[in-house]
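Accompanying notes for the structure given below.
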């Protein structure tokens, strides 16, 4: 189904997913990570549990190690903002915060008095349990490496698997492509365009060997994928016009070697089972808790919830505060999003039919299009759920921007999703959309508009000369089919 959907262009439906849906999905994933990790940390030590004193001590030690792991990872997450150490050291601490946190917490677990080893096993920390140490290069269950996917399944089983298989497919459509959107967000300042159809095609091809080996297929994940992209970025912090200190990406290392290296290291880890068995389970749950909190950090629903606890005069003048008709409208929109996320989380965690939650995520798309559009005004949704703007609106914004700036240099005429030059567009999914490149007619209009104010600006003269030679200045729209034919004045670059 993955291969067919990529070949017929079904992945294009992902552009129907607005920030309303992606933010809910991100909050749902963050809530799931936080709940699952805290449950596994706290449940063994809940009040009223019966057991030996030594066992209770070991369970409390596991809880403390998990919280310590989270604290170290979360502290080093912001190491780049420190004033101590050189930049190289701070970048290293941020990039490898989870490895450092795991190593430190595991080392502490071996301090005398923490792990009370005994012959009967009482008082020992729960560590990662592996069946064979070292690994004997055999599957964990008694079966050969290559399996027959249809072995032991009759016609009824195949028919019965259609519904959960469809839910699984919908989950991949949402999970993988939304994680791709978040990973290739304009805030990461990426220069290379995405390839959503190709990615989904390759993902479908990988299903074949995974089915033969009997292992789960891979896909893009939240929050791991965006966090991985963030780790590849060179960042700085600036205060915007609203007084909000924000993280700005200066450059991102766009390559595939880090992902390949991660996969190879996971394969190498198979030969290090003895080392892995040293890690306390509480440390792993602490890492999951860090991933959940990391997904909350930057989620716009969570940020708006925090704004609700802020004094009105202290709220920054961002669009959802200053440009929406009323603060009550923003609160209502936030409540609807949070309720949707919690409803999907509750169904997925506490019901017997939790496997249908991918369908609920898909239903958020028509809910946004046909229900919310009737509840909220269009002028409010422009700021609450910014998705798409007309070509005329974009041109007017660019003209107004360059007029305010007072100059018109080639450095300003760049792809807006790179995070450089002109005012970033409202489109949240600008890369790969059908309106990403503007032909040079817009550039000529901009030149005429600015030349009324800047007669002697050499950049304007350069732009006019370039347009006469029928070159194209790429601003932020896609070309139309056939524009690359001979004689066309579109899709040529300076």
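Yeah, the Cβs are placed from backbone N, Cα and C, and that goes for glycine too.
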Listed range which TrEMBL flags as transmembrane segment, given the options 195-215, 216-236, 237-257: 195-215
Segment assigned the feature transmembrane segment in TrEMBL (from 36-57, 124-145, 278-299): 278-299
Whether the transmembrane segment (91-111) meets the transmembrane segment (278-299): three or more C-beta pairs under 8 angstroms: yes
Segment proximity, the transmembrane segment (195-215) to the transmembrane segment (58-79), 3 or more C-beta pairs under 8 Å: no
Residue numbers, six or more beyond the limits of the transmembrane segment (195-215), whose CB comes under 8 Å of its CB atoms: 1-3, 5-7, 9, 11-12, 14, 139, 143, 145-147, 149, 172, 176-177, 180, 432
